[in-house]
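K.L.:
Quick one: the structure is below, questions incoming.
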């Protein structure tokens, strides 16, 4: 059994890599790489919430806070350091550290779901208000002025590690972001197959039972929460490098709500769903932004309502079960076990 | 003399003006099987929850193998090697039987050992045909059996079961009895139960709770024939 599990894992990694390589190569033929880059970054952000909500049962209303925090940490440290490698690492680690503290406070305080949502929401609001109010010249970290509502422009964007003059932008930035997303996706896959990931799913299903079996639920949720925040922080840093400016709107409530909608539409409890939901809806919004007939948010609201009513499990699970049904009708060549895995992720 | 694995001293639990558990002194020896009975509201479940850490007692102490565990959290109590089954079925509904039992085994054993013990437990409980079925789709008796498997697979030295026979068919009860006897080879077992038939078939020493306090503690046959117990609990016909 152990051998076959390893083999199926290896097969899945190869399949992921092949599909990803084809998509990365083919997508620029359809959509410009500038837009694609941000779609990929949003995909990573969607995955970060998809991990902690879909597999850990932690509904965080403030995933945008970690996204914005990653972007700001990157921007501030890039201004001060003048090279992008260390700021990238800082953006991931400091965001995770912040989430670790926040998570420990919430999970050891035994807050239930609703209060957890409220607290993460309020933290996002506080960050938004605070950054907005930093317009004065006294708000300086090193050489970086926080700049209030105007944000921080003109920081060092992503460069080849060790060579600040060799900027990574345009097509190259797209490929870097896409590869980063694939790596994060594979890491999430590995995490979910590990004991830690399986235990996290157990906690999602029944916290009391897992505690009665001897698992420290608070500690495990805190760690998972921080991992999700680290991914969001990385996405934020990449976003900062793409946009070449960070502004407080990164922390806005609209952004937080959008991430949740991505997960619902794409399919909660799958790894692919939130990525597809994020990229798909962000692209839809981009296309809608080019016309002025109908208000954007109206259509997004409609999409959400349609999905909640007709595809409550989300896009990816729906397609997976459709695929399962059609294959089942055409013969029994595919073993059932693979189908079940496809449904879960 | 066998070692005392579970002891409570003056255990009292009050909810506002209600004293649900009243000055309970309780002792359990290694590999002993003890049934707790009593009418509804007698304080059995409150006592159970205080021992497992689901509630923190207002007064008194809980000792496990001589260690003071009063005020510990459930996961800390469980980590000592205490298997706990709550009154309502408490399982991971969206996960299959194998995963449920594996999760319990993984807490105390490494990956390969956990897998081996899980397979072994599935065999012993005759759960093979439904090993890959999600718990949410199983019948009540099967779920109870899986939950007992969760408890047993971790190889506990103290097992606390709250109403394991509730709602089970006769065949399920027989299987449950067999599993409990098997667990007794290495563990002390406490069973909170209503089902008198089940108690008669399995019990040796019985502790009777009444209005939060221990009314009597004796062999099952003497308890069943005791006048006071009959009056407070069994009614006239037993």
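Cβ coordinates are placed from backbone N, Cα and C, and glycine is handled just like the others.
According to TrEMBL, the transmembrane segment annotation covers A:12-45, A:51-74, A:86-108, A:114-131, A:172-192, A:223-247, A:259-286, A:298-331.
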K.L.:
Among the recorded stretches A:114-131, A:172-192, A:223-247, which has the greatest number of Cβ pairs closer than 8 Å to the transmembrane segment (A:51-74)?
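P.N.:
Going through each listed stretch, the top one turns out to be A:223-247.
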K.L.:
Six or more residues out from either end of the transmembrane segment (A:172-192), which same-chain residues have a Cβ under 8 Å from its Cβ atoms?
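P.N.:
Distant contacts of the transmembrane segment (A:172-192): 12-13, 16-17, 20, 24, 28, 33-34, 36-37, 40-41, 43-44, 47, 51, 55, 158, 198, 200-201, 227, 231, 234, 238, 241-242, 271, 275, 345.
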K.L.:
Output the single range from A:12-45, A:223-247, A:259-286 maximising the number of Cβ pairs under 8 Å to the transmembrane segment (A:86-108).
P.N.:
A:223-247
K.L.:
Using a Cβ cut-off under 8 Å, which residues of the same chain at least 6 positions beyond either end of the transmembrane segment (A:223-247) come close to it?
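P.N.:
That would be 37-38, 41-42, 44-45, 47-49, 51-52, 55-56, 58, 60, 63, 66-75, 78, 84, 87-88, 91-100, 102-103, 107, 149-155, 157-158, 168, 173, 176-177, 180, 184, 188, 191, 196, 200.
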